[in-house]
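One structure is given here, and the rest of the page talks about it.
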Amino acid sequence: MSALRGLWPEVQDTCTSLGLMLSIVLSVALARGVLRQQMHRPVAHAFVLEFLATFQLCCCTHELQLLSEQEPAHPTWALTLIYFFSLVHGLTLVGTSSNPCGVMMQMMLGGMTPEIGAMRLLAQLIGALCSRYCIGALWSLGLTRYHVSERGFACRNPIQVDLPKAVIIEAICSFIFHSALLHFQEVRTKLRIHLLAALITFLVYAGGSLTGAVFNPALALSLHFKCFDEAFLRFFIVYWLAPSLGILLMILMFSFFIPWLYNEHTTNKKE
């Protein structure tokens, strides 16, 4: 009985954190519903949707990161939560990317005009910065023992390897995720969301202890804003340039290299 009493504060804190994340998801869903009825200008509608999606993703990831740090020796629980909330984001944030790399991919493939792309990038940037200060305000309420407002404004460097390895890890994560995103478009929506959630969980498991496996520049800015301030060039290269490089390599491979290889093979067979 005494052991159960000792565990109760941790269970209570975990439930409070989960409740906070679900409250954010529900609030964003409500805002999206109101927006759908009240706002009829397509550009403004897309801007606000992208802002809300990035805001939700960043706020929940801040809280997930906080929960995962409480049980570093037992990562299974954290990975389960990552999978679950990846499903939640996939189901509730339909029509948005919440990731500048996703916008870049659509622009490079001709699926989005530069003007709309720039607008979505701006919305993601604002959403990422707003989420940082909103989560700091929520933590200042002291809802759990781990909610301390000062924590959100400290640099907690997640890069545990040298710069070249960190760049390779983030580029590979971005390459794999966006390749799957591109090629899973024909898969049924419900199955696609599960596959992408499982892939995100795997990438975080594989690279999380090395760089955090963020592969999202907007999310990295929200999570590590203070680190960008203290070591801008290093974090800019790892969390902005490296994922963008992964996108570029992915597009070059699937749009140019593989078709060229196929054409060469076909030509040789005919000869």
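For all residues, glycine too, the Cβ spot is worked out from N, Cα and C.
Please treat TrEMBL annotations as automatic predictions, because they have not gone through curation.
These numbers come from a predicted model, not from an experiment.
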(request) Among 116-135, 196-215, indicate the range for which TrEMBL gives the feature transmembrane segment. (result) 196-215
(message) Please identify the range among 47-65, 142-160 that TrEMBL labels transmembrane segment.
(response) 47-65
(message) Would you say the transmembrane segment (77-96) and the transmembrane segment (16-35) are touching, if the rule is that at least three C-beta pairs must lie under 8 angstroms and be 6 or more residues apart?
(response) yes
(message) I'm a bit unsure how to read this: which one of 77-96, 196-215, 235-262 has the highest number of Cβ pairs shorter than 8 Å with the transmembrane segment (47-65)?
(response) 77-96
(message) Using a Cβ cut-off under 8 Å, which residues of the same chain at least 6 positions beyond either end of the transmembrane segment (235-262) come close to it?
(response) 101, 104-105, 108-109, 159, 163, 166-175, 178-179, 182, 211, 214-217, 220-221, 224, 227-228
